[in-house]
Amino acid sequence: MQSWSRVYCSLVKRGHFSRISHGLQGVSVVPLRTYADQPIDADVTVIGSGPGGYVAAIKAAQLGFKTVCVEKNETLGGTCLNVGCIPSKALLNNSHFYHLAHGKDFASRGIEMSEVRLNLEKMMEQKSNAVKALTGGIAHLFKQNKVVHVNGYGKITGKNQVTATKADGSTQVIDTKNILIATGSEVTPFPGITIDEDTIVSSTGALSLKKVPEKLVVIGAGVIGVELGSVWQRLGADVTAVEFLGHVGGVGIDMEISKNFQRILQKQGFKFKLNTKVTGATKKSDGKIDVSIEAASGGKAEVITCDVLLVCIGRRPFTQNLGLEELGIELDTRGRIPVNTRFQTKIPNIYAIGDVVAGPMLAHKAEDEGIICVEGMAGGAVHIDYNCVPSVIYTHPEVAWVGKSEEQLKEEGIEYKVGKFPFAANSRAKTNADTDGMVKILGQKSTDRVLGAHILGPGAGEMVNEAALALEYGASCEDIARVCHAHPTLSEAFREANLAASFGKSINF
């Protein structure tokens with residue numbers, strides 16, 4: 001009977017039996033756990049299919065590596081495509097159209113409408129369709145590039161092995177030469193406040209509210225806070241953002257741009273309480289929430305009552321249960337995985353990119369790291385200049401920047417010059433009746449080299465890429481000023497700001 005026991009256990013492990021009716025006399029019962037019949041052999045195994053992970057997997061396959069991508073969620077694309085960048089941009093775009101139609105903007109353009117009605121369900125449907133199309137697109141790209149997709153929770157179970165645990169408890173083992181961790185990040189919890197994604201929500205819940213709240217309080221006036229706050233403010237909510245810092249827009253934004261940005265948002269109806277901290281939140285019997293706040297430095301307490309509380313205090317690396325401790329890979333004080341310039345951990349064939357390593361938590365930063373990392377695996381050069389990674393806030397007007405801010409240049413003791421140009425003096429902005437904001441260029445005083453570009457205005461998120469290219473190739477302000485820009489375009493404001501920085505005077509202002 002002992003030999004039967006061994007055979008039975010082996011068959012159960014391989015998934016051939018889930019149970020044997022009435023048992024076998026003398027055979028001990030073993031827990032059900034099924035395994036794939038054969039491990040998968042791979043050159044590169046990527047854990048995570050967000051912007052960094054899926055791009056890295058495709059690039060690895062294109063370079064000739066046998067590639068596997070392990071993803072714990074049912075759909076590919078990670079936070080960005082499913083509950084982040086993509087759905088938020090759909091809502092930002094559509095809420096902006098509604099705001100224009102519902103307010104006085106359309107009437108001022110000669111477009112008169114008898115009734116404008118919000119169909120929130122339809123708006124959410126359009127958002128979901130965009131997400132579905134893009135996540136499905138990644139699945140198609142995986143097939144096209146012969147990337148093997150394994151759906152399951154990936155854990156590193158050896159320096160050359162990843163085990164994916166599927167929803168049904170079965171596992172798939174991947175024997176691999178290289179491992180790339182691209183597991184992204186998760187919402188940072190607020191101490192003492194429990195997120196239920198109903199009335200106390202994270203960014204995920206804020207993307208799927210069933211109705212427009214009468215009053216919305218946002219904890220945090222960084223990028224995510226002002227974007228999602230703008231969505232619901234445009235759709236009719238009374239929105240107040242409570243920010244611990246003394247400015248809006250988060251880390252890295254130029255202070256002059258931030259002040260102008262805040263002024264424009266306030267003109268739209270967005271309210272801010274800066275230098276203020278949230279000390280707690282209590283749900284009342286009527287379903288509303290009392291949010292307790294006070295000055296960041298301490299002081300008199302105040303209570304704001306709202307229908308929905310949105311917590312936007314940042315994100316933290318997602319590294320739990322990856323098997324790092326067992327491998328001796330220690331995290332830094334901020335929970336990130338330490339890597340060298342080739343994105344290698346202390347174990348040379350295990351790499352990490354994106355939100356789990358140092359640097360800004362941006363999708364495009366993760367994409368760049370993913371491509372460069374696998375090129376390095378193939379023997380290529382590995383280089384990325386984080387000073388050339390742009391940041392964008394997709395409100396209206398948009399805010400975008402790349403390179404150094406004035407505050408950073410002052411802190412580093414670098415002598416610089418400034419060139420500015422307002423969109424109010426730009427012909428295309430005038431014809432569009434969309435003139436809020438400006439372009440601000442920072443150039444090195446001694447060399448004229450572009451050190452930073454800060455844009456507040458329509459199309460800023462597109463325009464900043466011209467600035468990123470200039471920084472990447474070491475262009476001077478004069479170089480940009482002498483490039484012919486099409487007329488009439490918003491990008492002429494970028495040229496004019498560089499004219500002002502290089503020659504001390506723009507043409508049209």
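A Cβ is built for glycine as well, from the same backbone N, Cα and C atoms used for every other residue.
Straight from Swiss-Prot, the features:
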{"type": "TRANSIT", "residues": "1-35", "note": "transit peptide"}
{"type": "MOD_RES", "residues": "Lys66", "note": "N6-acetyllysine"}
{"type": "MOD_RES", "residues": "Lys66", "note": "N6-succinyllysine"}
{"type": "MOD_RES", "residues": "Lys104", "note": "N6-succinyllysine"}
{"type": "MOD_RES", "residues": "Lys122", "note": "N6-acetyllysine"}
{"type": "MOD_RES", "residues": "Lys132", "note": "N6-acetyllysine"}
{"type": "MOD_RES", "residues": "Lys159", "note": "N6-succinyllysine"}
{"type": "MOD_RES", "residues": "Lys166", "note": "N6-succinyllysine"}
{"type": "BINDING", "residues": "Gly220, Ala221, Gly222, Val223, Ile224, Gly225, Val226, Glu227, Glu243, Val278, Gly314", "note": "NAD(+) binding site"}
{"type": "MOD_RES", "residues": "Ser285", "note": "phosphoserine"}
{"type": "MOD_RES", "residues": "Lys346", "note": "N6-acetyllysine"}
{"type": "MOD_RES", "residues": "Lys410", "note": "N6-succinyllysine"}
{"type": "MOD_RES", "residues": "Lys417", "note": "N6-acetyllysine"}
{"type": "ACT_SITE", "residues": "His487", "note": "active site, proton acceptor"}
{"type": "MOD_RES", "residues": "Lys505", "note": "N6-succinyllysine"}
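Annotated features, which come from Swiss-Prot, shown on the structure.
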| residue | record | DSSP (3 states) |
| --- | --- | --- |
| Lys66 | N6-acetyllysine | coil |
| Lys104 | N6-succinyllysine | coil |
| Lys122 | N6-acetyllysine | helix |
| Lys132 | N6-acetyllysine | helix |
| Lys159 | N6-succinyllysine | coil |
| Lys166 | N6-succinyllysine | coil |
| Val226 | NAD(+) binding site | helix |
| Gly314 | NAD(+) binding site | coil |
| Lys410 | N6-succinyllysine | helix |
| His487 | active site, proton acceptor | coil |
### Query
Long-range same-chain neighbours of Lys505 (N6-succinyllysine), Cβ under 8 Å, sequence gap at least 6?
Leu499
### Query
How many Å lie between the Cα of Lys104 (N6-succinyllysine) and the Cα of Val226 (NAD(+) binding site)?
23
### Query
How many Å lie between the Cα of Ile224 (NAD(+) binding site) and the Cα of Lys410 (N6-succinyllysine)?
28
#### Entry: Candidates Gly220, Gly222, Glu243, Gly314, His487 (recorded positions) - the one closest to Lys166 (N6-succinyllysine) by CA
Gly314
### Query
In the structure shown, which of the binding-site residues Ile224, Val226 has the fewest other Cβ atoms within 10 Å?
Ile224
### Query
Compared by Cα position, which of the modified residues Lys66, Lys122, Lys346, Lys410 is the closest one to Gly222 (NAD(+) binding site)?
Lys410
### Message
Rank aside, I only need the closest one: which of the recorded positions Lys66, Lys122, Gly314 has its C-alpha nearest to that of Lys159 (N6-succinyllysine)?
### Response
Lys66
### Task
Quick one: among the binding-site residues Gly220, Gly222, Gly314, which has the most Cβ atoms sitting within 10 Å of its own Cβ?
Gly220
### Task
Work out how many Å separate Glu243 (NAD(+) binding site) and Lys346 (N6-acetyllysine) at their Cα atoms, rounded off.
38
### Where Gly220 (NAD(+) binding site) sits in the secondary structure, as DSSP reduces it to three classes
coil
### Query
Near the Cβ of Lys122 (N6-acetyllysine), how many other Cβ atoms are there if near means within 10 Å?
10
### Query
How far apart, in Å, are the two Cα atoms that lie farthest from each other among Gly220, Ala221, Gly222, Val223, Ile224, Gly225, Val226, Glu227, Glu243, Val278, Gly314, the residues recorded as binding NAD(+)?
20
### Message
Of the modified residues Lys66, Lys122, Lys132, Lys410, Lys417, which one has its Cα closest to the Cα of Gly220 (NAD(+) binding site)?
### Response
Lys410
### Query
Given the recorded positions Lys66, Lys159, Lys346, Lys410, His487, and counting only Cβ atoms in the protein chains shown, which has the most within 10 Å of its Cβ?
Lys66
